[in-house]
Amino acid sequence: MAMEGYWRFLALLGSALLVGFLSVIFALVWVLHYREGLGWDGSALEFNWHPVLMVTGFVFIQGIAIIVYRLPWTWKCSKLLMKSIHAGLNAVAAILAIISVVAVFENHNVNNIANMYSLHSWVGLIAVICYLLQLLSGFSVFLLPWAPLSLRAFLMPIHVYSGIVIFGTVIATALMGLTEKLIFSLRDPAYSTFPPEGVFVNTLGLLILVFGALIFWIVTRPQWKRPKEPNSTILHPNGGTEQGARGSMPAYSGNNMDKSDSELNSEVAARKRNLALDEAGQRSTM
């Protein structure tokens, strides 16, 4: 199936991948060139894992996981395969985020630095917890087969909305964290004097912001949504199911030969309205 605005989508996707990759490279260059490298000994070198893993996992990989359903060359793949890829990318992002949080707490505890006093730490920990809950609920409800269809229909809009909110929160938290680190670390020369490290990390923040904006734009364009699979089951919040229009119409016609034309026309119209309304809840925005 052809995608509307295919080349525009490719341009935005390529831009997002480029900016996201540059964000990861900038984070690595920052800690390796300006912050003396990486380690796992409780020192500042261990803390340096925090920005690298957060930018790599919680920003870049999570962003790719959000838009993976929208890649048109995957539309011929089964929905189960795409769900597995989506869940796998989010699981990798979650693991990297957890390791980065552990690095911060270990560094603070070894050096007797207080934990969880800044807004960055509050919002960041909330984002990690919500992300883990989102991952667990998504795996349990949408990937495993035993969840009732009515539960999936009810949770799908919540899953989509909360995923976008969490990603936006992560972007904001990353920007707060970069600024906080520069204020604490840059003393001579001070951050206010535009030192090279300050300018470099500010640029990293802009890259993260642009990456987030591109992901938001891609994931909110309805014309780039993964098309509904033929003969797929549409979920009703009341627990019922409806087959895709092509697969259901012949059976419908055969079972209603005794009905009048007016009754058939009214039921067909009602069914089309229900399909249009329910399809929004069935297909993930992502």
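Every residue gets a Cβ built from N, Cα and C, even glycine.
Quick caveat, the model's predicted, so the values are computed rather than measured.
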Query raised in the report: According to Swiss-Prot, phosphoserine sits on which of SER232, SER262?
Result: SER232
Query - Site co-member for heme b 1 according to Swiss-Prot, given HIS50, ASN115, MET116, TYR117, SER118, HIS120, out of GLU180, GLU197 - result: GLU180
Requested in this report: Validate this pair against Swiss-Prot: MET3 and LEU71, same side of the membrane or not.
Outcome: yes
Requested in this report: Determine which residues of the chain contact the topological domain 'Extracellular' (180-197) at the Cβ level, with the cut-off under 8 Å and only residues 6 or more beyond its ends counted.
Outcome: 30, 34-35, 51, 118, 120
Requested in this report: Could you name the stretch, out of 8-32, 48-69, 79-105, 119-144, 152-179, with the greatest number of CB pairs under 8 A to the transmembrane segment (198-222)?
Outcome: 8-32
**Report entry** Residue from ARG70, LYS79, HIS86, HIS159 whose C-alpha is spatially nearest that of TYR117 (heme b 1 binding site), among the binding-site residues
**Finding:** HIS159
Report task. Whole-number Å only: compute the distance from the Cα of LYS225 (heme b 2 binding site) to the Cα of ASN115 (heme b 1 binding site). Result -> 42
**Report entry** Site extent for heme b 1 (largest Cα pair distance over HIS50, ASN115, MET116, TYR117, SER118, HIS120, GLU180, Å)
**Finding:** 17
Query raised in the report: Reported in the order helix, strand, coil, what are the DSSP residue counts of the topological domain 'Cytoplasmic' (145-151)?
Result: 3 helix, 0 strand, 4 coil
